[in-house]
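Structure record follows, encoded as structure tokens.
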Amino acid sequence: MATSSFNINELVASHGDKGLLATALVDKTAHEQLEEQLQHQRRGRKVYIRNVLGVKDSEVIRNRYGGKYDLHLTQQEFAPHGLAGALRLCETLDCLDSFPSSGLRQDLVLDFGGSWVTHYLRGHNVHCCSPCLGIRDKMRHAERLMNMRKIILNDPQQFDGRQPDFCTHPAAECDVQAHFAISIHGGYDMGFRGLCEAMNAHGTTILKGTMMFDGAMMFDDQGVIPELNCQWRKIRSAFSETEDVTPLSGKLNSTVFSRVRKFKTMVAFDFINESTMSYVHDWENIRSFLTDQTYSYRGMTYGIERCVIHAGIMTYKIIGVPGMCPPELIRHCIWFPSIKDYVGLKIPASQDLVEWKTVRYLTSTLRETEEIAMRCYNDKKAWMEQFKVILGVLSAKSSTIVINGMSMQSGERIDINDYHYIGLAILLHTKMKYEQLGKMYDMWNASSISKWFAALTRPLRVFFSSVVHALFPTLRPREEKEFLIKLSTFVTFNEECSFDGGEEWDVISSAAYVATQAVTDGKVLAAQKAEKLAEKLAQPVIEVSDRPEAPSPTPDDPADVCGKEQEVSELDSLSAQTRSPITRVAERATAMLEYAAYEKQLHDTTVSNLKRIWNMAGGDDKRNSLEGNLKFVFDTYFTVDPMVNIHFSTGKWMRPVPEGIVYSVGFNEHGLGPKSDGELYIVNSECVVCNNESLSNVTRSLQAPTGTISQVDGVAGCGKTTAIKSIFEPSTDMVVTANKKSAQDVRMALFKSSDSKEACTFVRTADSVLLNECPTVSRVLVDEVVLLHFGQLCAVMSKLKAVRAICFGDSEQIAFSSRDASFDMRFSKIIPDETSDADTTFRSPQDVVPLVRLMATKALPRGTHSKYTKWVSQSKVKRSVTSRAISSVTLVDLDSSRFYITMTQADKASLISRAKEMNLPKTFWNERIKTVHESQGISEDHVTLVRLKSTKCDLFKQFSYCLVALTRHKVTFRYEHCGILNGDLIAECIARA
């Protein structure tokens, strides 16, 4: 049997790609890769570009950011330089994405010169430094106020309680500290060194920014950035359009070797065919981003890296490092791709041929023109005839020609002012070349003198030639006049970086610290994400601690109490207590410090907001006067805070003060504090009760308590107030509530009076305990404890010197929430030592029980333990819940026997306005109309929940808010709503019941 052999590898290499299976496999792999790219793009952040963009502009922005963001080009409106504006938004998001987006305070990002309204509307964790350097900046602020008002009016619930975070100080003068910063086209006014100094002032280590970039700025006096349709030009000053005609050698010398110029050169950016605002910036600042490498300032060394240059926009980053920097050669290049096909041609700039200038000329055109000029050159012809030949070739190579009815551009059009001088320069160049070639030929065919000269040694020939040239300058050949100059396509910059910053930077320790901190923050964020996922529909349940229960000291054991007090007295401060080996002491001290910091930040935010309004209205830190469009400014802020107002020195207010409102403090040039009737000052809603700073100071002065915290976690209506009433002992106890309304209810239950001296002594709010003198007690009873910050509860125990706190509350109802979204809140939840449950309600009717069970099933994540899945009712009322649709607020049946609740302040305001129109008594709309949050802990016979809008409102999806709304009544509950709201948990459950 014959045998044969073959090489399988050769066969696969030569024929494998032709097989059907190979083609199918390639097609499948390509399809999978394309599908992955498409799915990744769809998962990216959605960015809506409203500006109308052409086909080329759309390609530019998609090529740059299409792979990172899910771009939606809606083509809604024409805007000045639309592509530049669209790119600016994407650049802002791109630079922000370089930094952690946790929302934690330690991940705050600064924006030097950015648009604060963009960050405000998107909820970014960003502080903007937006100084008013001129009329344009003030115009932008006014426009941003208008835009903010317009958007808030369309969706006020989304922005309820949110404040814009910005200042009007220059970047180097703002005192906000942050590790990260961005600068979107903000470096033009500061330069590289100015940005570094601003970073140093803010404690910033990494900055990422963008700016318009054209490498030809290092060579030319004017140019075009084609992708942006932008034309730039160097001018002598900001108020003169005189062209900068500094010779090339002078430009390179001043650029590379010297930073001193005889005049201030500006760069004007104009957008072609757009009669809109242009921009003028200092060339020194722009050039610094092209030439500078490093800068050492106050113990830090800052280095710039140019990351991406695309579509005329350069993205760069500046990183600051401490300590010593050993010598290192830093090198970078600037390329000029726009001149790689050109050659420099020197032409006369004046008729006396003294001044010459360099123009760029297309290499291909010059080569063909020079070729024809050399072939047609005749020394016997008049120079004019040869000049005409060259001009004819130039015209043919730079004109529009028509071939078969189609017009085509041959070469590149020449400036009409340079046309004749270019022809003359080529003529002189041709003549000089022929003369040089003639000399070479004559030297080859030399005479006896030439042979004698050639017989000399080289040193003698050089000496003799130099003597002849010095004695007879007219005999000197003209080859030193070079008409053609080879243009370099790049310029290099070499700089030696060396800085002695003192102590060496311990990178290893820094890495360990950052890793530890990141793990801690990551765990917190993971917990917060899980919590937010659950809170979309319900408030998560606080699980019982797994730690072993500590023995609870009682008033009957004085020795144990004294021991506890001695243990605390050995610790110097809350900061020291956070390191206590006793876990619960450390936890409580940490929570108290966080609560103090939170109240301090609320105070600082109030001052900052009022100062911003004061400055926007034309005020300053020296005069008691405002100069500006007060009505426009305050009308804009009024949409966010209806309590914003101005008190004039005449004693009058700009807007009527709401009835029953008394402002305790105001703000003017002297800051925030009590004001007199003869002063000009401004106020907002925080000026009615302004005790945040006092609460912070008091909390910091206390020490963490060591007593036992017991929590009774009961369902709504389980008799928490009744339990407080049954165990209350005036000799040893004090009742503390989270708010004034709860305090009044408990006072009525205990003392049948809400304002008697006895009632006000033994039943107080937590704020009242901390801010006023109060007797010490051994036990504190807390109502609605979930509305308190854990640190505030600990501060109350410490102030009262209580050894035991019995806390009543429902962990599944509305809990304490931060009023400052930028504050990094971690320790607000109550950590009890003992926990007990109560699952029987005496208030809620029978039909509410299955409704709440259904809500818990629909809203809470699967696997979540809730006491409402097994709660029972002892009420004798079997049916209480009804609902009806209404078309407007006028159809709401306002009855003094009913209690009205709303989810939003806007609906509450509408009901109050309707009550005033119906001339109902003040006590009705002051006491019988509340929000769900305000009504937590209230018990009424007849309750009506009102929803007047069908716009998106996440509160109707949250289990905690719906639970409070549905469990306030004893006899009847009516749900009156306008329209259909997607995700309305209460409406869906009532419909299914």
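Glycine is treated like the rest: Cβ placed from N, Cα and C.
Copied over from Swiss-Prot, here are the features:
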DOMAIN    72-290  domain 'Alphavirus-like MT'
REGION    543-576  region 'Disordered'
DOMAIN    684-838  domain '(+)RNA virus helicase ATP-binding'
REGION    712-975  region 'ATP-dependent helicase'
BINDING   Gly714, Val715, Ala716, Gly717, Cys718, Gly719, Lys720, Thr721  ATP binding site
DOMAIN    839-993  domain '(+)RNA virus helicase C-terminal'
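Projection of Swiss-Prot feature records onto the structure.
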| residue | record | Cβ neighbours (10 Å) |
| --- | --- | --- |
| Gly714 | ATP binding site | 22 |
| Val715 | ATP binding site | 28 |
| Ala716 | ATP binding site | 23 |
| Gly717 | ATP binding site | 25 |
| Cys718 | ATP binding site | 24 |
| Gly719 | ATP binding site | 19 |
| Lys720 | ATP binding site | 24 |
| Thr721 | ATP binding site | 21 |
Secondary structure of Gly714 (ATP binding site) (DSSP, helix/strand/coil): strand
Cβ-based neighbourhood (8 Å from the centroid) of the ATP site, residues Gly714, Val715, Ala716, Gly717, Cys718, Gly719, Lys720, Thr721 excluded: Phe808, Asp810, Ala838, Thr841, Phe842, Arg843
Across the domain 'Alphavirus-like MT' (72-290), average pLDDT on the 0 to 100 scale: 82
Collapsed DSSP category at Lys720 (ATP binding site): helix
